[in-house]
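For reference, the structure is listed below as structure tokens.
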Amino acid sequence: LFDTPRLSGLYRRKQVIFISLLAAALWAANPIQVQAVTYIVQRMASLCGMFYILGIFLYVKARCLKILTMKSVLLYTACCLSFLAAFLSKENAALLPVSLLLIEAIFFQDLGRKKVRLTFWGIAIALGAATVIGGALIFYDGNLSAFVNYEKRLFTPFERLLTQPRILLFYLTLIFYPAPHRLSLVHDIEISTSFYHPWTTLPSILVILVLIGFAIYKLRKWPILSFAVLFFFINHAIESSIIPLELIFEHRNYLPGMFLFWPVAVGLERLIGVYRRKNAVVYYGLVGFVPLLLIGLGTGT
């Protein structure tokens, strides 16, 4: 993504390597990933994540060629095959086209043009609706009655939908504060029965709306942060909908959380660069903090 028109030339090669390695290490070493890579049954999540990110890589490589050549055709073909492999691993990969649209809009298109913005939102809404409906049809073999079959659940579709904003914020706190005592295979979470019970339901909805709104508002100014936030919520869309699944599982963050540490790594790199000449104490403190952070995450894992 650093080679895309939006970011190309903004970072030196050494910065790109440092940021990329740090972001990947922070994501991989995070204790919240334990379920996705430890339990055999969650090979679906890890395989889906691998082919999903490969699909993004191939698409970006093809788009960066700018002109249609045999190489770009092969890359696009490989991207489609990766999408298929990801989808066959886990149905969440149905959201890959939406993620690619987000990448196209932020990193390849000029969102300053009104026509581009209107086209982007039109395609996004249509693609999002098609993804949800198509994914549901495929997941339930065309039997949409199973889509809302809650006979074996202790909550209704509406209650599940109300509860998910609280769970999404809980996921975010787990990702950035993965203390061992907070991690568990099973989480006992209170079901939201209305906007006011429990009282955190409505505030959670508002916080998520603010986060998404802020990310959209800052798309042009802070593309990396905006992309990370929107990518997280987009890729939680299926398992945070009314599909009658269990309410909460940590492994669901394996794919959505992939880019959350990208802006964190960018921020740390900039802080180190700023204090390199200004304050030696702070500079060496930051330099020492990075490996200690990775060691701490690794130990927790």
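Even glycines carry a Cβ here, placed using N, Cα and C.
Quick look at what TrEMBL annotates:
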{"type": "TRANSMEM", "residues": "16-34", "note": "transmembrane segment"}
{"type": "TRANSMEM", "residues": "40-60", "note": "transmembrane segment"}
{"type": "TRANSMEM", "residues": "72-89", "note": "transmembrane segment"}
{"type": "TRANSMEM", "residues": "118-140", "note": "transmembrane segment"}
{"type": "TRANSMEM", "residues": "161-179", "note": "transmembrane segment"}
{"type": "TRANSMEM", "residues": "199-217", "note": "transmembrane segment"}
{"type": "TRANSMEM", "residues": "224-248", "note": "transmembrane segment"}
{"type": "TRANSMEM", "residues": "254-273", "note": "transmembrane segment"}
{"type": "TRANSMEM", "residues": "280-299", "note": "transmembrane segment"}
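Sequence-distant neighbours of the transmembrane segment (254-273) (same chain, 6+ residues past either end, Cβ-Cβ under 8 Å): 15, 18-20, 22-24, 26-27, 30, 32-33, 36, 42, 45-46, 48-49, 52-53, 92, 171, 175, 222, 224-225, 227-228, 231-236, 283, 286-287, 290. Cβ atoms under 8 Å from those of the transmembrane segment (224-248) belong to residues 1, 7, 91-92, 94-95, 98-99, 102-103, 106-107, 128, 132, 135-136, 139, 147-150, 152-153, 155, 157-158, 160-161, 163-164, 167-168, 170-172, 187, 189, 191, 208, 211-212, 214-216, 218, 255-260, 262-263, 266 of the same chain, restricted to positions at least 6 beyond its ends. Residues 2, 174-175, 178, 180, 183, 250, 253-254, 257-262, 264-266, 268-269, 290, 293-294, 297-298, 300-301 of the same chain, all 6+ positions outside the transmembrane segment (16-34), place their C-beta atoms under 8 angstroms from a C-beta of that stretch. Here the transmembrane segment (199-217) has Cβ contacts under 8 Å with residues 162-163, 165-166, 168-169, 192, 225-226, 229-230, 233 of the same chain, all six or more residues outside its ends. Long-range contacts of the transmembrane segment (161-179) within its own chain (CB-CB distance under 8 A, at least 6 residues past either end) are made by residues 30-32, 155, 187, 189, 191-195, 198, 200-201, 204-205, 207-208, 232-233, 236, 240-242, 247-248, 250, 252-253, 256-257, 260, 297, 300.
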